[in-house]
Amino acid sequence: MILYRRPTLFGWTIIGSAAGFIIGGALLIWGLTLPPYSDHALAMQEWNSWCAGGTSRGAAQQAAADRYYALMTWRYPLVDTGLNLILAACTVAGIAYSLCITRAAAWSWLRTPKSRSSFVLIGLGVLALNLMGWSISLYVDLDRVMFPWCADSIGIPLEGLVTFTIAAAAVVVPLGILITQLFGELPVSLLYWDSDRRLRSWGVTIAFMLIAAPLALAVAIQFPTSSYLSVCGGVVALYLAAATRAALLAPPARSEPTA
């Protein structure tokens, strides 16, 4: 007797996540077998000459930097891509599984959050993941000797990241609260389409496709970088964009009966 049958889409989501995890693991292991430089001694020589003229960024310094980076192998891009694939796969699987095990009988597993405040909290979570991801990236790249020795301080960019995140949060919270006031009844399927208001459905969907496309591109170009948690934040942001589209198209919330 089958007590519970998971939707086919859920199964494919988990299979796809598992495939991404395996491919990511293979790339990670492959990258770890490679040395950082094709010629370590020459690379250190070029790194030392990077700041021969001080902190000024002249043609000689740029040429030394180009020669230094040219001596790097595929180790770090492969390691970063592999690790980011693993993290992205785990994030997708985690979102899918959490939605599936918390759904009520009448709900689709592929759905929006059930409260408006959750949208704002998820948005803040995306900002936090990006802040942590970019901060970790600075430390990782510093450890990998990606910066010149005369300018190896990451204090200034870290301060800039914190300032940017605080400013972004100051915009996200009121804007998120404003947008959630336009939501219909929650939760609703991410695939929801309002057949009675086709023009609205097309308009909202196209608008969010224009948002999701560059967002997906931004996530993709981070895969070969050390911005690990930022990739997780990007995946969550894509879910948030899809959920916002569906919530804006959801049927109007039913008013509570009065006594």
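Cβ coordinates are placed from backbone N, Cα and C, and glycine is handled just like the others.
The feature transmembrane segment is assigned by TrEMBL to 9-32 (among others).
What TrEMBL lists as transmembrane segment is 85-106 (among others).
The transmembrane segment annotation in TrEMBL covers 118-140 (among others).
According to TrEMBL, the feature transmembrane segment maps to 160-180 (among others).
Outside the transmembrane segment (201-221), and at least 6 residues removed from its termini, the chain residues within Cβ reach (under 8 Å) are 88, 193-195, 231, 234-235, 237-238, 241-242, 244-245, 248-249. Feature annotation from TrEMBL assigns transmembrane segment to 201-221 (among others).
Within the same chain, residues 80, 83-84, 87-88, 91-92, 95, 111-113, 119, 122-123, 125-130, 132-134, 136-137, 179-180, 182-184, 186, 188-192, 204-205, 208, 211-212, 215-216, 218-219 sit at least 6 positions outside the transmembrane segment (227-248) and bring their C-beta atoms closer than 8 Å to a C-beta of that stretch. If you look up TrEMBL, you'll see 227-248 (among others) marked as transmembrane segment.
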